[in-house]
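Here is the structure we will look at.
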């Protein structure tokens, strides 16, 4: 019964069709909603499957290109050996860079003999270490024209280059799938200069995915291993370079260094590596993931077996040709007089910066080198970096991730992730509000982890970014003033080591305090191998506690365990634009260590 609106009297009306219609509408809506959800899920699923299939196809093409280049190089080497049976490849591989360039200039060796000898060795090393992403077959063609650059300082020298360095018609993927199938339109400035100086870039080397790990692995080219122990990482991100040189497949390479990416792999693989003053060498044609980040500077630099090779490479690169190709680089030629100087130095030294407690082998390395330097007539004075526990989160980590890692996550969105990056990407992907709460909750139990979690949230505004940049400028000036108050020429400091276990690279993240610090400061810094891990070092490592005795310290100890026999290095640092002095100090360390072992 319902009331008629006109008569206001009760009338009888059959309501069943109306109720049925309402029920049908509800069921229809529910059904349509369900169908829409299923369709939406299927669409997302199909997109994901297609995206995964496209990624797999890209990876397959990249690996096919690598395999084809390796096969063609192997065939070329075989043909050359058959037609030149008297070539003494074993002898060529023993020559230092200075000895090799001398014999090439004199004509007692030909660029062909040298290139094919190193190409053969590279192929053998790559089979063991998986350190190469592609043989640059254009190097074989370059042999026909290299004679026009016979006056170059690197005439006829085969050079390896990190995968993110532009070489015409080849990818610079940075180990990230989205960057595949985008071959460079032209050579990077440094590649152009190398060629002008007579060098022959002949191979690209593996790197960490997104250049953001102290390991050397990515989903495209796989895991590179350490030449001294395949259970250990070669370090990252320039790990392919370090592994190839450490394994004898190259005698000179070019890497890049944002937070130790040249120095750490050089230390792990037992070679020498040099990060020049920021902007001393051109970065044009070098691909990065977080381009535009300005607080912590990336630098390209040489990696080699000895310091003289690093110096010769710097001398070759710092030429009018580079200054012409990239006018943003200061036209400062290499000062050989400073490099060859023998005046006594006043050297600062540190064993523990208060953030990273060095491993026993690291401390021993510094102490032994300190003693050798004092015996040689140099003056050693204690030195400690300023406010290191504060600047690591506030300037280093916040600087690199000022955007809250948005750019990094965008590059990796939907991509296959390397195991070395999974934990990092997961943490970055958490909502900002959650990270802030997590940081607050962690503060009483793990202050260092708390400050780091807060730091990866980035800055809140452009105004805050400017303040951060200003804080970096202030810290650089404070450090230079502190350096000068100590009246030191150069600094001797520990270098992270020994090499960490595979899949443990993320556990040595505290190394940023002894490596990335000098990217922030824009100071030149290099590493020299000085020793190997002893059984006593390994025994003392069992009692390692760390500066904070937190999860970072426990992880570091775990990562470095089992390093007996692996290389130990020290780090040499100088003020900005004093690259030659830094290299001279490295050479001094190298010579004294060599003489002490006779």
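Every residue gets a Cβ built from N, Cα and C, even glycine.
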- request: Give the range, chosen from 9-26, 27-44, that TrEMBL lists as transmembrane segment.
  value: 27-44
Task: If TrEMBL is the reference, give me the range from 45-79, 80-114 marked as coiled coil.
output: 45-79
Field: For residue 162 (active site, charge relay system), the number of other Cβ atoms found within 10 Å of its own Cβ
entry: 28
Message: I want to check the contact list for residue 261 (active site, acyl-ester intermediate): same chain, sequence separation of six or more, C-beta distance under 8 angstroms. What comes out?
response: 208, 211, 236, 237, 238, 255
Message: Let me check the 10 A CB neighbour count of residue 237 (active site, charge relay system). How many other CB atoms are there?
response: 34
